[in-house]
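First the structure, in the form of structure tokens, and then the observations on it.
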Amino acid sequence: MSRLLPLLRSRTARSLRPGPAAAAAPRPPSWCCCGRGLLALAAPGGPRALGTHPKKEPIEALNTAQGARDFIYSLHSSERSCLLKELHRFESIAIAQEKLEAQPPTPGQLRYVFIHNAIPFIGFGFLDNAIMIVAGTHIELSIGIILGISTMAAAALGNLVSDLAGLGLAGYVEALASRLGLSIPDLSPKQVDMWQTRVSSHLGKAVGVTIGCILGMFPLIFFGGGEDDEKLEKKN
């Protein structure tokens, strides 16, 4: 998988407030949002505040000009260069194959797409659930006793720790998955946009997260059962 997953998860708008000259520049049309509209995306937008989106401003999707612009501003210069090269290559292949009738992906290709998307999400689900259980249990047995917080509050704090850890561990999970030797599925641009490919990709992610979360429950083996719960209730 590419490095786009953690960026999509925490993408921010790092654009600066434009000056008077930039504010007077015309805004790009709404149809130039992806791929073939890269030149329009580079044009400055209207005045925007520094930092993340305001509370009342909805987060734009990547199929809009504003959403694509925010995503581009969140990337480093090397990542933008790599993304631009891949977009040009992808669009050139799509234009060359535009007049050709693309065949639907074969069952073998769909199976490969499924596996390629499932493996990284097994790692994500495993780490997320395991860290949440361990952190939530320790919070309940330490801070929970002192502050008298409930089990659900301790679980919520454990989930916070798990999410923070996931931001830093996402890159390592992707690097480990790439070392398994699974290359990007060999599909044409038209085959990538077909519904069969998208369904296979989403199913792979869903199954991967499910398997990872089930495997991530292994810390429960090392924690006690009813006796520890009774002792905790007596202490509270």
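The backbone N, Cα and C atoms fix where each Cβ goes, glycine too.
Predicted, not measured: the structure shown is a model, and the values here were computed from it.
Summarising the annotation, Swiss-Prot assigns topological domain 'Cytoplasmic' to 58-106 (among others).
Summarising the annotation, Swiss-Prot assigns topological domain 'Extracellular' to 128-138 (among others). DSSP assignment over the topological domain 'Extracellular' (128-138) gives 11 helix, 0 strand, 0 coil.
Residues in the topological domain 'Cytoplasmic' (162-205) partition by DSSP class (helix H, G, I; strand E, B; coil) as 32 helix, 0 strand, 12 coil. Among the features that Swiss-Prot reports, topological domain 'Cytoplasmic' is placed at 162-205 (among others), with the record citing similarity to another entry.
What Swiss-Prot lists as topological domain 'Extracellular' is 227-236 (among others), and the listing cites similarity to another entry.
Annotated transit peptide per Swiss-Prot: 1-57, in sequence order.
If you look up Swiss-Prot, you'll see 107-127 (among others) marked as transmembrane segment, on the strength of sequence analysis.
Residues or ranges marked as transmembrane segment in Swiss-Prot (evidence: sequence analysis): 139-161 (among others).
Here Swiss-Prot flags 206-226 (among others) as transmembrane segment, drawing on sequence analysis.
Long-range Cβ contacts of the topological domain 'Extracellular' (128-138) within its own chain (Cβ-Cβ under 8 Å, at least 6 residues beyond either end) map to 154-155, 157-159, 161-163, 165-166, 212-213, 215-220, 223.
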